[in-house]
Amino acid sequence: MPANDPQKPHTPMMQQYLRIKAEYPNTLLLYRMGDFYELFYDDAQRASELLDIALTSRGRSAGEPIPMAGIPYHALDSYLARLVRQGESVAICEQIGNPAASKGPVERQVVRIITPGTVTEEALLEARRDNLLAALQKEGDVFGFAVLDLCSGRFNILEVASESAATSELARIRPAELLVSEDLALILVDSKTEAVVRPLPPWYFDRESAQRQLCRQFGTQDLAGFGCEEMKTAIAAAGCLLHYVQDTQRTQFPHIHALQVERQETSIILDPSTRRNLELEESLSGDSGRNTLIAVLDHTATAMGSRLLRRYLHRPLRDQTLLKQRQQALATLLEGGLSDVLQTLLRGIGDIERILSRVALRSARPRDLVQFRQALGLLPKIQESLLQLNRDSLLLQSLQEDLGPFPNLHELLQRAICENPPVLIRDGGVIALGFDSELDELRHLSGNAGQFLVKLEQRERERTKIPTLKVGYNKVHGYYLEITRAQAHQAPPDYIRRQTLKGAERYITPELKGFEDQVLSARERALAREKALYEELLEQFMEPLPALRACANALAELDVLHNLAERAKTLEYVAPLLSDQPGIFIERGRHPVVEQTLEDPFVPNDLTLHEARRMLIITGPNMGGKSTYMRQTALIVLLAHIGSFVPARRAVIGPIDRIFTRIGAADDLAGGRSTFMVEMTETANILHNATEHSLVLLDEVGRGTSTFDGLSLAWAVVSHLANKVRSLTLFATHYFELTTLPECLPGVVNLHLTATEHKEHIVFLHAVKEGPASQSYGLQVAALAGVPQEIIAQARQQLMELENNTWQKSINGGGPQLDLLAPPADHPAVQILQDLDPDELTPRQALEKLYELKQLLDLAVTH
């Protein structure tokens, strides 16, 4: 920004710009000037880099050149989308004064601030992902979350009691923008959140102010009706969030009318590592489009259904009553034959959830209302389709009741909006002919201008005897009568010269001037009238807005249920039995994603876990299918807890509170953590937080360090989980020493993935069998990976020597392989003490034994 030089003052326009910019120092200020939004100084330089637009200059002000960049006003949305995707906040500064009446710069003011978490425009949003604004506050050990989807009006709060739980919630919510107090922002520096973190002064999180602000928004005396009176930390976060959106959006929010309380104990907790390893929305290779669970499951007909399905996946429920209602709904839809009619009807609904939010914010465009009109017209047909199903599903009945219809609003939109309106209301031609008599009259006046001008031209030609006379119009001079310079002497006395050209003269007459004033006034008045009618039309949505939102929610849920039913039929999924007894039983289970990517048939496998069989030690070759088997178990459990059918012949799923996975690892270079450090951090999280109701998947624990260290750690982790935590655990390993654990640890069982060797080539059978694997097939897998044959031959020779040497040392007493399960050898002093009978020793004998023990201790120290 320029320094103010009192000797060289800024121009009035730049003074206005700098005054407004000073109020928004951390945003890009788009300053409206005619048909462009201009950026100056540092903003111009940054916008030029981010948008790849030309950086120019606009003269000088206060003696300094003014860097400038600009974007056309009609292309604003496309540029905003690029800026928001890069995490920028943008202040839109519009001309609100009348240029004709302004002596100095036209009056301007910021009408809205667009931030990553407050976007509502369709062009700026990903259709199938929620765009969330979150606020996080910490008081003592309690973390309070508030989460707002401004595009739908959903406003949720949640409290958790640990940093690990807060991290898990942050991974689930995945906000586009996160508001935190300035002191808490320091804690989040090392977090892996992709959100734009917005540090705010502590007073934004003042509890009393938050309480007042929330009650004012909801029109209530207190917050008791929302069940959150005691959630002080979350309320502080919610107040901050509401203050922020009011400050940036500068409008009312009638679609935000309630707080919904979420409780972590009602859902299965998935930590960030688990969400990543299960590849719910993004594969481990970073591809978000393919080879993910959502890619297999999401065949929804609407964008709002797709967003709801993602919320299901990221927050699997523990409430068996609700899950069984969803299962019953799927069964009812399947029994009804899954007609394509319902799918087609849903596809015609569009994204009315987000359209309603734009209506509430008064930013809905004409084509939004056309789409909403179409959706309202389809509601009776959707209801009819549901009525044809049997009445066993209470959930489908409830959804059907929420679908309206809304005949009065539908009829109003049919009368009010033309068939194919322009994009913007300011372009005119949105309100249908016949809806408003005053508008029709103004349109008639301006619309018949052509006929009047044709008649005027013909009449003036006859009057002046000038056959080449013509009537024209331009934006600068308005309407005119034009004759050639050679015929100018024939112009009647009432012709008033308006413009002189090289070969022609242009004139105005009192009659033409009167017509011009009337027509231009009619056009302006018609646009103003149309805008007023449009605002009145949006107002008609306000009273039924809660019911319309319930309708949109019901359509989204119906879309998800219909989609899951179709997936179950197409992919041959079955309804899992949800049990109150701990354990998991899966017959012929399949990995939902892997089976869709294979050319060969997927090999299904069984799994049994129960009170007496709580841990499976899984061995077998690399690429044998251990990780697939483990992941498919977790995914089947997760699908069961969103109410979906599952890829298996039969499944019985007991209570689960958390799913943990530690599968694979990579260096965290940015965080300065090695592969082994990442592995141990994830393992520590499991050991601290797993319970007897948790499903734990551990793959190759200890492989990132030396053999003995890794084996020792793996053995200790298995023992702790089996003896202390008693979680349902799948533990894959190449440490064959661990296969002896079932002999001494109750509830631990060996499984292995089968493979066979044919002419020094390995064949993976991918079948799970009881018992430990017989060998690891490491060299065969290396050959399969393309390791040169001479390297494989040398490795095979080295392996034979190592095995022979180990065997020879063992039989010669040269040191057997470390046996972690053998009890530690007793110190000689222990044996002496065990043989003593203190009651039979004389004082002298006792003193001699004491010296003997001291001697043994000294000997041990010197060695």
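Every residue, even glycine, has its Cβ placed from backbone N, Cα and C.
Residues or ranges marked as ATP binding site by Swiss-Prot: Gly620, Pro621, Asn622, Met623, Gly624, Gly625, Lys626, Ser627.
Within 8 Å of the centroid defined by the CB atoms of Gly620, Pro621, Asn622, Met623, Gly624, Gly625, Lys626, Ser627, the record's ATP site, lie the Cβ atoms of Leu753, Ala755, Phe764, excluding the listed residues themselves.
Counting other Cβ atoms within 10 Å of each Cβ, the binding-site residues Gly620, Pro621, Gly624 show the lowest value at Pro621.
Met623 (ATP binding site): 18 other CB atoms within 10 A of its CB, across all protein chains. Secondary structure at Lys626 (ATP binding site), taken from DSSP and collapsed to helix, strand or coil, is helix.
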